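Per TrEMBL, these features apply:
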BINDING   Lys121, His153  heme b binding site
DOMAIN    14-160  domain 'THAP4-like heme-binding'
MOTIF     22-28  motif 'GXWXGXG'
Amino acid sequence: MPHRALPEGVHPDCRDLVPLLGTWHGRGDGSYPGIDDFSYEEAVQFETNGKPFLAYRQQTVVPGTTTPMHAESGFWRPVLPDRVEVVLAQPTGIAEVYEGTVDEGIIQLRSTTISRTTTAKHVEVMERTFRIHHDTLRYDVRMAAMGQPLTHHLSAELQRVD
């Protein structure tokens, strides 16, 4: 991403992740073999405390309601110029570690480790692609789980609200 002045309080290592900072709201759609297609409303927050990482929180609800669907939280850690590590935990008993690249507003992540509790669904591989353009964040998620090959699972478009 182009180098510009860092916002106050942002660690210099997080320069490439600055466009993620803020609160995002939007809608998404999901599908996967063996389940009905679904839609969701989503809220995502990326925050900094001045350390070399961003804190991440995500929640989805049934559209037009406050009924929870999914949530996850974790940390985005820049490791080298144009590289990032992401650690996420879900209340479904799954913890994911990703490594990926940051290039001109496109972040591509692939899981390196997926751990699960004994009762969580078996997930083998996850890939996430984020595209940031001005105040719009789009993402796609692909998943290999429960015997299925790597397949499209989620896509959403979010707008920055602060």
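Glycine residues also receive a Cβ, built from the backbone N, Cα and C atoms like all the rest.
Annotations in TrEMBL come from automatic prediction, not curation.
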Candidates Lys121, His153: member of the binding-site residues with the richest Cβ shell (10 Å): His153
His153 (heme b binding site): secondary structure state under DSSP, collapsed to three categories: strand
